[in-house]
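A.B. asks: The structure follows.
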Amino acid sequence: MDTGIWPESESFRDDGMGKFPSRWKGICQEGNRFNRSHCNRKIIGARWYIKGYEAEFGKLSPSDGVEFLSPRDAVGHGTHTSSTASGAEVKNANFRGLAQGIARGGAPSSWLAIYKVCWATGGCSSADLLAAIDDAIFDGVDIISASLGSPPPLSTYVDDALAIGSFHAVARGISVVCSAGNTGPYPQTVINTAPWVMTVAASTIDRDFPAVITLGNNQTVVGQSFYTGRGLNKFHPIVYGADIAATNIDGTSAGSCDLETLNATLARGKVILCFQSRWQRSAAIASKSVLELKGAGVIFAQFPTKDVSCPWSFPCVQVDFEAGTSLLTYMAASRKPVVKFSFSKTVIGQQLAPEIAYFSSRGPSSLSPSVLKPDIAAPGVDILASWSPAASSKLLNSPQTKASPFNFKLDSGTSMACPHISGIVALLKGIHPKWSPAAIKSALVTTASMKDEYGQNTVAEGAPHKQADPFDYGGGNVDPNKALDPG
């Protein structure tokens, strides 16, 4: 249940897929740029829900490529989560040359049924969600994967559409897997806390995308970036955002390079050093701010995290606060400080993993503190999966990058972690068809690992980092092989 699907994606090919089971009652609901032929032996059902949305938020006026009144995905989120859970094998998958390799969902031989309940505006109606769950139960699904939810404060279970609907689904033997939310690392921020659902936190993987910043004194600083274009392979002047604040703007806002806080004349043609002052979308806002002023690029200093938040389409490198402070020291000691960037490549095996992602919402549950939430952690940082070409055209663009629609994208969130568990649940259900949702949940949670790849206690990103505990990851990081035979 998400924003729909891009059916032409290679991840949804039906090569080798058998006929769907006779008990299946689902339909392929037609609409804007979506007809019955877009379903196949992989996508065996597709529905869309708009009545509740329009009653709650007002009439939706679609336009081609911006939103579709159909199961077609204009956002990308639903395509990403669907392919993560169930996508077919795709060779040479990559995001603008990064993370190249074979992409495959958790349960590539499983069937997909799509229920579009969320729209490009960000709205997801409770009435539509309940209607979709009712249809999913009737259609005969085995698993519901829901990478959605409202941020805290939480509604009571009797007022929470997902909690109510999932209760009825679980009572009929359908496992329901939900994302834990992205408002960490603060306590009592976890969402989707109903005891009968599986709530998934996000963890990191051992893949990163280093970018090297070379200073005028030939010292180097290593950060992370998704930018693969050109434009900063020669030295450019660097300034600190707070030192070029616009008139009547305080140093904090200019220091984080918020919109309309920098002096346009002083920013033009320069690399701007910015320091994080909020969590959500900070690097993206700073990049947009500098781009609008025709700046050359951004170095964004923030809390240490593996999640790359810099936009892919503008020269932006994120570093931790320690590296940002060292850059300030260099700038203070130099008459004409300059920097250049050597942009991203893919490196595997050099990052300590898994760690619990900074953004992953933490327990305990603010509704039921005695019920441990989240339940389990799965990969949710810089995950490569299929994407909607319609969505790619709406992302930040710049003169340095001639953007063309892309079919795969790196993305982060507990939304990306949730379908990893959904795919594993599908595998377990195939091997143990008589296991109940509670049995499957128990098998996964009780066999999860609390250690990293070196056998050390898992770390939770934060300010500061700390040893992870059950409020960060529930039972631990998922271990699919052990869950097959939990003992």
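A Cβ is built for glycine as well, from the same backbone N, Cα and C atoms used for every other residue.
Curation plays no part in TrEMBL annotations; they are all automatic predictions.
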A.B. asks: What range among 392-423, 456-487 does TrEMBL describe as region 'Disordered'?
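C.D. replies: Comparing 392-423, 456-487 with TrEMBL, region 'Disordered' matches 456-487.
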A.B. asks: Quick one: Cα separation, His77 (active site, charge relay system) versus Asp2 (active site, charge relay system), in Å?
C.D. replies: 7
A.B. asks: Taking the Cβ of Ser415 (active site, charge relay system) as the centre, count every other Cβ atom within 10 Å, in any protein chain shown.
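C.D. replies: Summing over all protein chains shown, Ser415 (active site, charge relay system) has 28 other Cβ atoms within 10 Å.
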A.B. asks: Just to be sure I understand the packing, how many Cβ atoms besides its own are within 10 Å of the Cβ of Asp2 (active site, charge relay system)?
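C.D. replies: The answer is 25.
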A.B. asks: Do you know the DSSP helix, strand and coil residue counts for the region 'Disordered' (456-487)?
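C.D. replies: When I sort the residues of the region 'Disordered' (456-487) into the three classes, I find 8 helix, 6 strand, 18 coil.
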